């Protein structure tokens with residue numbers, strides 16, 4: 001009985017977690033956050049930058065601010081402009097903190113290289129433009145472990161996987177969704193996708209086999225949009241509404257007995273505890289939950305409430321948190337005219353590194369190349385320790401190598417060309433063109449090195465005068 005009375009409150013290392021907004025001078029003020037009607041977070045964050053989709057006349061734009069550049073933002077601060085219609089989603093590359101992708105109503109996806117210094121003018125030239133959708137693109141997501149693999153999903157009900165390093169389309173997942181796609185999420189090693197759709201189905205897809213391996217119809221009975229993500233141990237966490245518009249959560253297990261459905265988990269394999277936070281656009285609170293292997297599996301912890309509704313939300317990766325202050329999450333809440341960081345902390349008496357709060361976390365190095373992943377290889381994320389804190393890596397240039405059509409030899413067999421030009425006669429001319437291309441490539445590479453060196457000098461100069 002005594003033991004039972006002591007077990008009134010469930011034991012949890014996150015039990016006393018609390019959220020707190022930063023001081024006014026640590027916010028980002030005077031930002032015209034986009035008013036476009038789209039179910040997007042409008043914000044993306046990494047250990048170097050915060051990016052926010054903003055209002056822009058005559059096209060789409062987003063602003064990129066160094067994390068330390070808090071306070072009032074100059075109205076003439078350079079933007080990233082290149083889309084001809086509003087930007088709907090942005091996502092930082094997990095393997096390069098200076099590379100960000102943007103999706104737009106203009107049906108394109110663009111990938112940008114952001115310099116470490118604040119540029120003088122708007123950034124207008126993307127590193128690569130990816131064209132393949134026929135309607136607006138509302139979702140983009142980088143592969144968690146493979147270098148340069150990017151997913152996009154549009155209002156044409158199409159999911160496309162790209163190799164950003166070559167600008168090529170790797171895979172197109174069509175005929176899988178009968179209606180508008182609400183959200184797409186990768187599992188931990190990037191071997192599977194989970195999607196939600198207006199047809200009220202949650203699908204688990206193997207993108208390389210182009211197969212739906214499991215699906216669940218109506219995990220929540222309400223008519224409002226459903227969201228789904230993979231949690232670390234492979235379970236699927238969903239949010240939705242009942243018929244009476246009450247909010248609902250669901251945790252689902254992939255059925256492995258040859259069936260192709262999702263089931264409510266009855267016996268979860270033990271996994272590292274996970275903390276999740278839920279927010280909704282237009283709401284003014286953030287609720288956080290802990291997911292464990294102990295029934296009822298999803299445990300409510302606390303709520304952060306404020307007076308102002310949120311327009312969108314960014315989420316800092318674990319490697320960007322301050323471990324010395326026991327910070328376990330940092331949200332970047334968007335208002336109409338500002339961005340407000342909210343720090344979530346677990347109070348601890350000791351100043352020592354808290355191993356239980358900071359298990360090794362995915363670092364910035366990819367585990368696979370795009371070709372390896374496409375050929376069928378899988379790899380878990382390469383983990384790093386946060387014991388000594390994380391220092392962001394210096395700017396690494398994204399190199400895009402377009403496939404040379406001259407490299408592909410003509411098919412064997414008789415020539416069907418109606419050209420009157422003799423093949424022997426055209427060979428020297430072709431060699432001459434190839435030689436010119438080689439010379440031009442060498443010149444461009446030399447100029448790239450020179451530009452990079454000058455940018456580094458400028459960066460050092462501006463850093464020294466700040």
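All residue numbers here begin at 1 and follow the chain in the order shown.
Backbone N, Cα and C define each Cβ position, glycine as well.
Of all ranges given (384-404, 405-425), TrEMBL attaches the label region 'Disordered' to 405-425. From the options 346-373, 430-457, the stretch TrEMBL describes as coiled coil is 430-457. Counting same-chain residues at least six beyond the ends of the repeat 'WD' (130-172), those with a Cβ under 8 angstroms from any Cβ of the stretch are 38-40, 85, 88-95, 101-111, 178-181, 183-186, 188-190, 193, 195, 205, 207-208, 210, 362, 366-374, 378-382, 398-403.
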